[in-house]
Amino acid sequence: MEQFHATTIVCVRRGNHVALGGDGQVTLGNIVIKGTVRKIRRLYHDKVLAGFAGATADAFTLQERFEAKLEKHQGHLMRAAVELTRDWRTDRVLRRLEAMLIVADTEHTLVLTGNGDVLEPEHGLAAIGSGGAYAQSAALALLRNTELPPEAIVKQSLEIAGDLCIYTNQNHVIETLGA
């Protein structure tokens, strides 16, 4: 059975100002099932942003578990991420989930992978999903060569990814923290 998948999620940081955005498309094989899915969420009293890519049901499951870890660790992003990925690696059911998360607060941006990795990306930016490489390239160029705020960089990066990746649309949700 084919999985629902494909998206673009991108996160850009300048100091404590961070923006996380994603498109709204969900596909099943080569068919667009829905174009308005919200893949970006605010968690833990609106102090943490999370975005997901991968199989939709798997991503929702991981996001819910991450939110529970955030509550358990009183919003401490790194501890919640490490504990979630530890569970992800050791739990037989979780190990089969096909999804990735980008999570961010005003101090850290982390990528949580299906291999149980917690990665803190360089350059203050991260991107995942089928259009992630396009969005990351665009964001890096804009970050290096402009003074645009993070949300403007995320918006332009998603637009470029949507122009190039057939699994990414132009229906964007962008959330920010700090300023």
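Cβ from N, Cα, C; glycine included.
Per Swiss-Prot, the feature active site maps to Thr7. Residues or ranges marked as Na(+) binding site by Swiss-Prot on the basis of sequence analysis: Gly162, Cys165, Thr168.
When secondary structure is read from DSSP and collapsed to three states, Gly162 (Na(+) binding site) falls in the helix class. What surrounds the Na(+) site, by Cβ distance within 8 Å of the Cβ centroid and not counting Gly162, Cys165, Thr168, is the set Thr8, Asp23, Gln25, Ser130, Gly131, Tyr134, Leu158, Ala161, Asp163, Leu164, Ile166, Tyr167, Asn169, Gln170 from the same chain. Between the CA atoms of Thr168 (Na(+) binding site) and Thr7 (active site) there is a gap of 5 Å.
The two recorded residues, Thr7 (active site) and Cys165 (Na(+) binding site), have Cα atoms 9 Å apart. Of all the Cβ atoms in the protein chains shown, 21 others lie within 10 Å of the Cβ of Cys165 (Na(+) binding site).
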